[in-house]
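Here's the structure we're looking at; comments come further down.
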Amino acid sequence: MAESHGSASKFLVGIFDDDDVVLKAVKEVKDAGVRIHEVYSPFPIHGLDVALGHPRTRIGIAAFMFGLTGTLTALALTMYTEKLDWPMVVGGKDSYSFPVYIPIIFELTVLFCALGMVGTFIVSNGLGPTVKPLMFDLRTTDNKFAMAIDLGKNKLDEEKIGQILKASGAAEVNVKQF
Amino acid sequence: MSHITSPVRTPLVTGGKTYADVTEDVSRQVEGRPTREWTIAFTISVIVLIYGAACVFWTWWEGLGVWGLNKTVGWAWDITNFVWWVGIGHAGTLISAILLLFRQKWRTAVNRAAEAMTIFAVICAASFILMHMGRPWLALWALPLPNTFGSLWVNFKSPLVWDVFAISTYFTVSLVFWYIGLVPDLATIRDRAKSKVSRYIYGAFSLGWNGSAKTWARYEYISLILAGLSTPLVLSVHTIVSFDFATSVIPGWHTTIFPPYFVAGAIFSGFAMVQNLMLIIRVVFKLEDYITFEHIESMNKVITLTGSIVGVAYLTEFFIAWYSGVEFESYAFINRATGPYWWAYWAMMTCNVISPQLFWSRAIRRSVVWTFVLSVVVNIGMWFERFVIIVTSLHRDYLPSSWAMFHPTLFDISDYIFSFGLFFTLFLLFSKFLPVVNMAEVKTVIKSSSETLPKSVSGVAKGERVTKPAFNKDAE
């Protein structure tokens, strides 16, 4: 995750056994006035990011800009090489003949868009080969769902939050310190 | 996704698997020691690869004269093999991209292996491009790089240059798509790892993934966009491969039907190869509950459809050759069916058009043996299709005095064998060291598509549901 944990933070981690339970619990815990840090799951749960109040990702805008860069690169490349630098007439076509460059324009658009978008994804999530994963519970990549609550950012005390988690279906509640 | 299995939906996961079972069943073969079967298969593949590599080296050392090419037939097995492998490399992206857009959930169990197959098939295809260049160290001349000849740039009006861009883009995007899908599963393996070395290696490749809701939301979003990008991409690749032929003025090549006909043929042969690989994987890795008869049947339906499209294309080509009134065009096709290469033409017709029609029978569609045999037959047929298009169109050219036959040499055959060694070596490495089924995606369909839903899907409180499914509004 991109968030830094320079100072030691204490987390309360509710472990859930079921994706539907954790989705319902997010709403209940939030209604009880608890600020949820994040939920960790072994697979995507639809509606979870909305329930948590995460803003809609803007990665699509980045993807579009990268795609546009690819289109312009292809146009510039074909224009420069075939028209300006060394004009060539091949197959009786004009030295700059737009339709024959469509494959190149398409391929470079897709290439730039895909690589740029995936690069943005990796950077925006703070992922990388040397990144140490911030795991609240090792089982969340297997079959458990973890709801992490930053105690430093909540007014309610540990015991009360623990009760709320239990009441909303958490199978266990652990304390995790970073 | 939180609805209970509809009775009209056929189950995709059998055996009442829990989330934990999915992890266990798929990770098992990554974590365990290589099995005897794997070791034997891998050893054979590497031996074949080494023999093939030596022959490829000799091809380059001596020059392309070691192949059976002559002045008339200047393209033969090299381009046949190239197109064949690229075609096979189409199924993976079709499964992962087009079926994602169509919300075909059965793809979740097969997409990982199919995408791996795609990547390795494209590598094999690219190896023939390098081979047929004869001087592979000059391969970079195919790229628009500044040079000391002027700069004299590549000819962007040539479909061969489009091909360079299409294949390299396709390879890159497929690799990225596949890798992004792997990251969550690599994190699963990392968190289960017992040894320090594997924790380190899988840790590095899983990029510090922790499955937070925010990351998953972005992951789903980029998967959808990558699918949207890959869909026209996969269609463009074989379209452009067909342009290599269609934009030339050789009778038999110069037809506008080529792009759709090549794309259909590519999907056809790709699915056949997926079938061959999956039928082995499901048994060897004991994944019968994930790759079920439902999956096999679905893929056989795609094979029947695309095989029929290919059949219609063959007949259309023939009709148009006659209807055009161009005698050279007509001759090219009559020569295909009745000339000296009649056996290749009829092998193609039988394997591609007639035999897949057996899949109209449900019993054959759901039979492992039939599926395996017919899939091999399809791939033989598709190889012959490319051979027929390339060699038969070339061997009787404009002057009867230069008509010739093509005779493959040891090196034509060995260089083809090389690609099998390469493909199976890569695929076996993949199947041992990476999860062959996308665990995260299969877990998302467990609830909606399980045959029998366990009391608790996550596998803890077995015997009782964790809570009453009050959240399930649809079911009430």
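Here the Cβ of each residue, glycine as well, is placed from N, Cα and C on the backbone.
Fair warning: this is a prediction, and the values are worked out from it, not measured in the lab.
Here's what TrEMBL has on this protein:
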- B:38-61: transmembrane segment (TRANSMEM)
- B:81-102: transmembrane segment (TRANSMEM)
- B:114-140: transmembrane segment (TRANSMEM)
- B:160-182: transmembrane segment (TRANSMEM)
- B:221-241: transmembrane segment (TRANSMEM)
- B:261-281: transmembrane segment (TRANSMEM)
- B:302-323: transmembrane segment (TRANSMEM)
- B:343-360: transmembrane segment (TRANSMEM)
- B:372-396: transmembrane segment (TRANSMEM)
- B:416-437: transmembrane segment (TRANSMEM)
Dominant neighbour of the transmembrane segment (B:38-61) in B:160-182, B:261-281, B:343-360, B:372-396, B:416-437, by Cβ pairs under 8 Å: B:416-437
Other parts of the chain folded back onto the transmembrane segment (B:160-182), taken as Cβ under 8 Å at six or more residues beyond its ends: 86, 89, 92-93, 96-97, 111-112, 115-116, 118-119, 122-123, 125-126, 129, 142-143, 154, 205, 219, 222-223, 226, 229-230, 233-234, 236-237, 240-241, 243-244, 434-435, 438, 441
Proximity verdict for the transmembrane segment (B:372-396) and the transmembrane segment (B:114-140), three or more C-beta pairs under 8 Å: no
Same-chain residues near the transmembrane segment (B:114-140), Cβ under 8 Å, at least 6 residues beyond its ends: 56, 59-60, 63-64, 75, 78-79, 81-86, 88-93, 95-96, 167, 170-171, 174-175, 177-178, 181, 270, 273-274, 277-278, 415, 418-419, 422-423, 426-427, 430, 434, 436
